[in-house]
Protein chains: 2
Amino acid sequence: MTYDNPENPTLYETFKPKIEKYNEALKAGILEEYKIPDDVIPTSYGVDVTKIPEKFLTKSEILITELKGVDLAAKIAKDEYTSVEVFTAYAKRATMAHQLTNCAMELFMDEGLKRAKELDEIFKSTGKTIGPLHGLPISLKEHYDYKGKITHAGYVGLIDNISTETNQCVQILYDAGAVFYIRTTEPQLLMHLCSNNNITGIARNPNNTGLTTGGSSSGEGAIAAMKGSVFGVGSDIGGSIRAPAGFCGVWGLRPTQKRIPLLPLVPSGRKVQENVVPVLGPLARSAEDLELFMKVEINSQPWKNDATLIPLPWREVPIPTPKQLKVAIVYDDGVVKPTAPILRGLEFAAKKLKEAGVKVVEWESFNVAETVKAAYNGYNADGNAGQLSLLKLSGEPILKLSHYILEEGSGYKGQTAAEYQGDTGIRDLNRTAYLKKMEELDVDFILCPVYASVAPLPETVHYWGYTNLWNILDFPNVIFPTGLKCDPLLDKPDSTYVPRNDYEKYEHALYDEDVTKFVGAPINLQLTGKRWFDEELVKASKVVAEIIEN
Amino acid sequence: MTYDNPENPTLYETFKPKIEKYNEALKAGILEEYKIPDDVIPTSYGVDVTKIPEKFLTKSEILITELKGVDLAAKIAKDEYTSVEVFTAYAKRATMAHQLTNCAMELFMDEGLKRAKELDEIFKSTGKTIGPLHGLPISLKEHYDYKGKITHAGYVGLIDNISTETNQCVQILYDAGAVFYIRTTEPQLLMHLCSNNNITGIARNPNNTGLTTGGSSSGEGAIAAMKGSVFGVGSDIGGSIRAPAGFCGVWGLRPTQKRIPLLPLVPSGRKVQENVVPVLGPLARSAEDLELFMKVEINSQPWKNDATLIPLPWREVPIPTPKQLKVAIVYDDGVVKPTAPILRGLEFAAKKLKEAGVKVVEWESFNVAETVKAAYNGYNADGNAGQLSLLKLSGEPILKLSHYILEEGSGYKGQTAAEYQGDTGIRDLNRTAYLKKMEELDVDFILCPVYASVAPLPETVHYWGYTNLWNILDFPNVIFPTGLKCDPLLDKPDSTYVPRNDYEKYEHALYDEDVTKFVGAPINLQLTGKRWFDEELVKASKVVAEIIEN
């Protein structure tokens, strides 16, 4: 290590009571009226827990939590459900989700109930909803400033930090009628495609609790799969919406940058890295609810308060017919070839799409390694100075995947401005090269894996290239389920394959050991559209997913 | 100097024949049929040459070259003028402009005439124009790649560089029917608010040839004031459209970034600096023609070929009434107080606007020094590595204002990526702070000087803050004439004023010596709108200028 190690066991000792207190508050948030009995919680990992909550819900609660957000909002607006009824169903689901997967960092069900009651009173007295999300329970990654609440962004050193204002994206949802009641977990540094942190620990994948939820919007992946919110808000600079959506088997959208408000975020700093720009976006259970999020945000004209945003209105575009769809499929990015279950998913998708009349061609990957490297370089162009200063606040231990990412890219050395600008150049050249390639192939979308494999074990995943390629190119992506799951009988690893590089060697080894560990892991895929054309992408993803799933 | 001096007299000697040849070609471009007799060219400087060409033009040619581009295009489309008639009038004006101000780097009148003839033939055979610019003679800064032509961007070392493709912005104009015939001059490095280079030397301000045209779109300022093109294309990363437009007394628009195609440009490199982003934009003689440029560019949907552009369509917005206009006026940016003629212009403007019913408030400048510093830092964040490598190609002498800008900002030292990101942060915070301040004051526009004074003598101007503040904030600007000119009797310098800093001391001294040198220098002003709201800005500038001028 060439850096000044921020770990400081003595200092960290002084934070342990604070961590304990934080976890006590989290535990106290598990209210009797919403919880499942402790004795039904599985005591070992490797279990599918997605069906457990249903045993403790009424038929009506199941119905409510199975509805799409758009439909639920319509029913609330027609007085078919009260906000309190809806909230109660979701409060149960979310509480149980946390009990089963450790997906929450903060539960504030009382506040949620109070808000739902207020919304019902407004509806009763005015006959109108306050906005398109009236009464919809929505989950939030802990990452976003929330006035009056602790926001630590996964840093022990910020465990006393109380936000003085609310993130604009969150405020817009609130103003549109959302009910907040849970803030979900994230890894240390917010930079693992996994979930561990020194405050609340590892979150578990609901489909198989032996596996990671993905990250950094780790809790959002889990709660979506547990149907614990209508939709949730994640953030993504390298895959942080898409890995959890993919690994947990739900939907996620990483929109094109500068359309959705980003600030304020914790940690806040005056340094802005823009070779790869973070974006906020939804994790949900349908394409329609991804769109609902986007419409609410963009129709509020957030650029009036934030000059970094672009006034691109949300356009209403038609749902394409299968015959109008033109898709290129990535079977291999040239760096890490997908493992057996993912290849099966891609081949299955190609077959179904072709049968439905979709134009399907193969995408020959190009410039992936250099572009992905530029993305990694961007993360620590400052030589990790910002992250180290925050770790230093508490002296907390640096976790396994934190070490990985701090040493990736430009590492502790950082970059000069000239090197950084060289990566900006690589980024811009490839943005246009990818666009031109799409035009040359005459396709509007690119279908590819979310990651080289299905959800791996916690604290193992390294290679971000299937997601962070699109972050740096800033082409928007939708993650969607294929309906397929990893099956040890069908998805045997190819033991004859010779890895082309260290990334591939490492990632393939993760899948190579004992395939039965991955049973039930969802096989999701990633659909990418043209930059700024989020509208077309969301609509296309609905059709693509329906063709593949049915 | 801590850097490796790129000057190399021996090497430079080998380039001198090339420079000579280049200038011979330029001279050969002055065709007999378009020129003025050599003996009417003033032999000393300090002269207003704007009226000279009229003596050598027919009434019809004067009429053609006085029309706005939008009206001229309409007349061509109605067969009232042929493209050849229009071209001939402009070819004369442009040739004379060059003879009187040294505004050209390349004259290719034969090609222009050929193109005009072809356009006439198309119109004759189809009865239709090929696009909204059919037959309009348009000038181009030399800076832009132009297939088959030398493009050196002011670097002697690139004097053999022949472009293999044409800049997209230029191509769009061509495809819309533009006629090209002149490429105009620019300073060494493209980074002076002035005009000198080692190839074609200094350009002269048509209103007073003792003064600078401004830069770096130096020739475009001069040709616009000489009515030598319908409009021209400039580029601006610190004031390069606006200083020439302001100093020469014409109109100029620096649009919000990423709406107009930028590439390819010379010098091309893989390093991209985006703390302050360069933009292409028009210099013209009316607000309508600024808008014409924007509509042609944006309506061509350039984002389909360039993924760095944003698909923001050009919106048709109404012309505001004076009572709908809300303007804040900057009388002092807190760094360099404007000199007497500019203060007179601002006060005159305020009075006229108020009389017309416009809401006028005073803008209290804030964070200017830190924001302008961040812009300067951006220019040489790479420690001038890119520029030095290009200077080194020929060993050419580094000119006075090149030295100034190479030593400004982060100078030869350059920045680390972390420092650079700190400036990105300053940029973004102030983007939003300025937007919020506009909302707080309830204004839509900010009126301020173009520079702290009127056009100064060649090779003297240093302070870019009145223009590059808006580059880094990326708020769009229109430069327009007030109709006022510097008058030594009215605009005496304030000899009692005590400068607050070195910038102010230096710039005030430029105006302080002998005011008669500045006689006739136009007093233009700069109107700034909200980021991305170029449409509203252009329309408002028309009304504001009409109120002030009439």
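Numbering starts at 1 and runs along the chain as it is shown here.
Glycine is no exception: its Cβ is also placed from the backbone N, Cα and C atoms.
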- Message: Quick check on the annotation: TrEMBL has A:S216, A:I237, A:G238, A:G239, A:S240 binding substrate, so which of A:L189, A:L190, A:L265, A:L280 does it put in that site too?
- Response: A:L190
- Task: List, in sequence order, the residues of the same chain other than A:L190, A:S216, A:I237, A:G238, A:G239, A:S240 whose Cβ lies within 8 Å of the centroid of the Cβ atoms of the recorded substrate site.
- Result: A:M191, A:L193, A:G215, A:S217, A:S235, A:D236, A:I241, A:A243, A:P278
- Rounded distance in angstrom between the Cα atoms of A:G239 (substrate binding site) and A:S216 (active site, charge relay system): 8
- Reported as an integer number of Å, what is the Cα distance between A:S240 (active site, acyl-ester intermediate) and A:S216 (active site, charge relay system)? 4
- Query: When you measure from the Cβ of A:L190 (substrate binding site), which residues in the chain that are at least 6 apart have a Cβ under 8 Å away?
  - Reply: A:H143, A:A153, A:G154, A:G215, A:S216, A:S235, A:S240
- Hey, does DSSP put A:K141 (active site, charge relay system) in a helix, a strand, or just coil? strand
- Between the C-alpha atoms of A:K141 (active site, charge relay system) and A:I237 (substrate binding site), the distance in angstrom, to the nearest integer, is 14
- Three-state secondary structure of A:S240 (active site, acyl-ester intermediate) from DSSP? coil
- Query: Where does A:S216 (active site, charge relay system) sit in the DSSP three-state scheme?
  - Reply: coil
- Other C-beta atoms that fall within 10 angstroms of the C-beta of A:K141 (active site, charge relay system): 29
- Would you mind listing, in sequence order, the residues at least six apart from A:I237 (substrate binding site) in the same chain with a Cβ closer than 8 Å to its Cβ? A:M191, A:V276, A:V277, A:P278, A:V279, A:Y379, A:N468, A:N471
